[in-house]
Amino acid sequence: MTDPFALDDDIPDPFQPAPRRGGPAPVPADAPWLIGLNPEQHQAVTTTEGPVLVLSGAGTGKTRVLTSRLAQILAGRRAQPWQILAVTFTNKAAREMKNRVAHMVGPVAEQLWLGTFHSLCVRILRRHAEAVGLKSNFTILDADDQLRLLKQVMEAEHIDNKKWPAQSLMGAIQRWKDRGLTPDKIGADLAGDLAGGRAGQLYRLYQERLRTLNAADFGDLLLHCLTLFLSHPDALAHYQEQFRYILVDEYQDTNVAQYLWLRLLAQKHKNICCVGDDDQSIYSWRGAEVGNILKFERDFPGAAVVRLESNYRSTPHILAAASALIANNADRLGKTLRPGLKHEASEIEKVRVRGVWDGPEEARVVIEEIETLQRRGESAASMAILVRAGFQTREFEERLITTGIPYRVIGGPRFYERQEIRDALAYLRLINSPDDGLAFERIVNLPKRGLGDAALQAVHAVARARAFPLFEAARLLVETDELKPKPRGALSKFCDDVLRWRSLLDDLPHPELAEMVLDESGYVEMWKNDKTPEAPGRVENLKELVRALSDYENLQSFLEHVALVMENDQRDGVDKVTIMTLHGAKGLEFDNIFLPGWEEGVFPHQRAMDEGGNAGLEEERRLAYVGLTRARKRVLVTFAANRRIYNQWQSALPSRFLDELPAGHVEVQAERGLMGSWSQPAKPKGPGAWAIAPKERTSDFDVGERVFHQKFGGGTVLAVDGDKLEINFDKAGTKKVLDSFVEPA
DNA sequence: ACAGTCGGTTTTTTT
DNA sequence: AACCGACTGT
């Protein structure tokens, strides 16, 4: 066995610049990255020693501070690039930071330890895999494989998957991992009655299965890293020594495991700089703990705290609207955003709010506005539609297609999640890692080789009996007469093929190998013979996959990229409107922002409130804050009075967040009667002016009266609450609607 | 072994 | 409505 602590990768290679001598050097005050910083930014950049917490509001130049700080440390000869750890939350942020630093300090930026938590953990784990029970070429499973594996475990344990869906147990396991909890830490108190009280045991079995498959899921990457650090003090000491400076982006989004990871690594030098904004914490559902910000000063006594409050992005109206909204959250550190830019008064528009009848009309209104802006010279690329949930994109897409406006959906079906790509990857995974049983199962009978349930069962039986990986079990099985001749021959051929491909791994360039595999396996052929309309596209995607392979040194690094960088950044030069979720928009900015679907239940999302209570509502509000602060010049917020959900029409009430926008900075344009009590002209009277009307206004309808509603048809009034009616519709059941939507029948 | 049908569920956000 | 998974018949 190789020494798990071999760290020879860290020895500087001859291509790196000679180590700087003579310790820190002064950085000239006119260094390019210091020019134009405001005093707070300057302080955040130049306070390189000791712990620093930067509370950075939206649009206050956070990325600039981080990159300048990196440049400052490097130019001040305070550390070699590989002694600096810079952690981001997304791959996009990592890439941008790397580019910007490279621009300032040149190619040494390549040597920084800069990346997402997950990619940095993989980098460490590849070297110490044995220490946590894996081999260095371990596979990183995606969500799909994770669930598949857990289902297998649960099935083997005879857990009724109707009563205990694998999905919810998966969620629990992930949250445990987010908190740094290994199976031995899961007591009855944590497991609860999940999976009949056997959740802890199932978690353990799942982890065991992962190890046998030489695989790790996303959460494992951090968890194993923590295990490594805690069980191998020499490894921890090595990295503590190495990372003289640590920088963390989006600190408010770190979960407990990530927090522990950082805290361990920072113990030696304590030069850790965390940048975050509690008002933009929107990932608590994924285990993020805003509390990590609060703990910072406790864990690192004497930490310098810098507040960045000058906003260089949005107009005063937008800032005022966002600030007033977020002020409704009780649980926050409190920051005040100040306009940092000069704006031409004539150019400044108020935030606009518009109510419409239903979803399709909302799409029409938004796209009309897009066209208007385009006529005024705004580019499509300057506009983004930010939705709460993925399903909302459809109506806008449809409308954009009919209008012929180019658009792109970020976060839609991703390239590496497509069926054909995952199948092709399974072939490559099996070649790369013989232990990858999930890959084996996925492709052993794809294309159809006449290997069905019976054959697969037999393979499983052998694997279990001998504690072999599935692939090895299959090889053994075909030497026996266990299988009928036909399946036996097919399986034998399959095994021979895989072995042959694997033997070529070192000799053939990997793109050629991939091409050969896809060809000889008959996989491409399968799609070429497929008559469905999407088949040609799939063949194209496979070609693209082979092409993408050539961008990577070897198969292993490609597979890793696929697992960690699940994004499709179609940043072609074409001028396109962007559609994405609010979560996806964090960190981005656009001149023109559209915020549709501001209705109770949609936004704030019902489930967020049901499951998260008031904390859930506050997180939704932060999401709204993130949405508003993406805009530089214009915001259009819309809501629809009726929405089709599960193919059922439902009436909706305007989002409470609308009430929280300050009247003086908002302009309301609603169609007659659609706003309910929100009728224009509203009398602006400071914040809250939009509040749903005084209860004095009572509907003209009476209980028991027959009414007619455009979408729901006829019904009987059950109750009257101000201008809201509860109506028992003959067809659609009981619903609450505003009285302006119904007429006497 | 596999295709076709039936019935139940789905829509929160993602490294 | 549309998709998925389990079941059934060939």
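Note that Cβ sites are derived from N, Cα and C of the backbone, with glycine treated the same way.
Bear in mind that TrEMBL entries carry predicted annotations, made automatically and left uncurated.
Secondary structure at A:SER56 (ATP binding site), as computed by DSSP, is strand. All protein chains considered, the CB of A:SER56 (ATP binding site) has 28 other CB atoms within 10 Å. The feature ATP binding site is assigned by TrEMBL to A:SER56, A:GLY57, A:ALA58, A:GLY59, A:THR60, A:GLY61, A:LYS62, A:THR63.
Feature annotation from TrEMBL assigns compositional bias 'Acidic residues' to A:1-12.
The compositional bias 'Low complexity' annotation in TrEMBL covers A:18-30.
For A:35-315, the entry in TrEMBL reads domain 'UvrD-like helicase ATP-binding'.
The feature domain 'UvrD-like helicase C-terminal' is assigned by TrEMBL to A:316-587.
Feature annotation from TrEMBL assigns region 'Disordered' to A:1-30.
Listed binding-site residues: A:THR60, A:THR63; maximum Cβ neighbour count within 10 Å falls on A:THR60. Cβ atoms within 8 Å of the centroid of the Cβ atoms of A:SER56, A:GLY57, A:ALA58, A:GLY59, A:THR60, A:GLY61, A:LYS62, A:THR63 (the ATP site) belong to the same-chain residues A:VAL65, A:ASP277, A:LEU308, A:ASN311, A:TYR312, A:ARG313, site residues excluded.
Other Cβ atoms within 10 Å of the Cβ of A:GLY57 (ATP binding site), summed over all protein chains shown, number 27. Around the Cβ of A:GLY59 (ATP binding site), a 10 Å sphere holds 24 further Cβ atoms from the protein chains shown.
The Cβ of A:ALA58 (ATP binding site) has 25 other Cβ atoms within 10 Å, all protein chains considered.
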